[in-house]
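Worksheet for the structure shown next.
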Amino acid sequence: MEDKLMLMIPGPTPVPEAALLALAKHPIGHRTNEFSNILADVTANLKWLHQTESDVLMLNVSGTGAVEAGIINFLSPGDRILVGSNGKFGERWAEVGQAYGLNVETITAEWGQPLDPAQFADKLQADTAKEIKAVIVTHSETSTGVLNDLETINRHVKEHGEALIIVDAVTSLGAFNLPVDAWGLDVVASGSQKGYMIPPGLGFVAVSAKAWEAYKTAKLPKYYLDLGKYKKSAAKNTTPFTPPVNLIVALHTTLGMMKEEGLESIFGRHERQKNATRAAIKGLNLPLFAADDCASPAITAVAPPNIEADKIRSLMKKRFDIALAGGQDHLKNKIFRIGHLGFVSDRDILSCIASLEVVLLELGYENFTPGAGVAAAAKVLNG
Ligand SMILES: *Cc1c(COP(=O)(O)O)cnc(C)c1O
């Protein structure tokens, strides 16, 4: 049966019908009052979502472009930075730093393990000369399903006093409580195809007053990603370059939906679906790749023993038209990942787990009582 695709990957995530219909409209001119009014609304709602009074800027880039902008606007060549690296995305931010000639030091943990905040504390406390200009942390490491302890790491950054905290919040924003102002986060980057419930194409960067101070003296080259341009335009409810008009109209719709649902409820839904998914995987006697106390709200990685993870994925797709994500790099074929981010309902979780049970049986994995995964999920979803 065609046209029943269910995306259970950590981006692109499913898009609600109201947003799909907004995408189908004729584009409107981006220098019109009509569009400016939409931008004004979107800007206000982005601040609400980020729990900030400061700027949240919008660029036509993927999540990587948003993080890159968040790095290069506030630093100068040779600046010393600390980058947390415990997965694909942490590795990427170290590479971006190197590409721009920054003095990059990584703080690593095994893939599947969380970063150790004490290692950040050690480096930051030892830096009495205040040479460390920024600390970059991937909050939810999508490649492994690990949620890093950003709150504690950030506390150590605050004690240092000089360094900026730059956060890849691509799969935590809109899934997990991330109070940007209350925590004093300086730069927070995200992308439209994750918690925002619209297709790929927009990146977002929240910028604190302290980061704008650093911007004034930052010397890394930039043009299209120069956030000063975006701030200036945003003050006039416009954009420096042609924005993806239809995506922004769709975003207007989904931010409205999110506001209606409320932050508490959104975070509660992600927590509940994470717990249901993890309970189900345990019910199927399959090993979870990340421990309970550092589990991402957006993505659950599973390491099936004695079965190729990609066989599970391809049968899930073929039999049930459910798309799961695979492992990256050395985890290729070793893990599969279930996304539960954005426009995902409890029903989707149940469908996914029930389908997974059938697929496991078809592949000859019999180390569970049929129905055990669904039963475990049902118990959690029952509240
Ligand atoms: C998806 C994702 C990104 C951005 O990836 P793009 O392909 O550039 O959109 C960055 N960080 C994390 C943790 C992600 O999950």
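Just so it is clear, glycine is given a Cβ too, placed from its N, Cα and C backbone atoms.
Look at TrEMBL and you will find R337 tagged as substrate binding site. TrEMBL lists 28-329 with the feature domain 'Aminotransferase class V'. Summarising the annotation, TrEMBL assigns N6-(pyridoxal phosphate)lysine to K194.
If you draw a 10 Å sphere around the CB of the residue listed as 'substrate binding site', it holds 26 other CB atoms from the protein chains shown. Here the residue listed as 'N6-(pyridoxal phosphate)lysine' comes close to P10, G11, T13, G63, V170, T171, L173, G174, A298, L341, G342: these same-chain residues lie at least six apart in sequence, with C-beta atoms under 8 angstroms from its C-beta.
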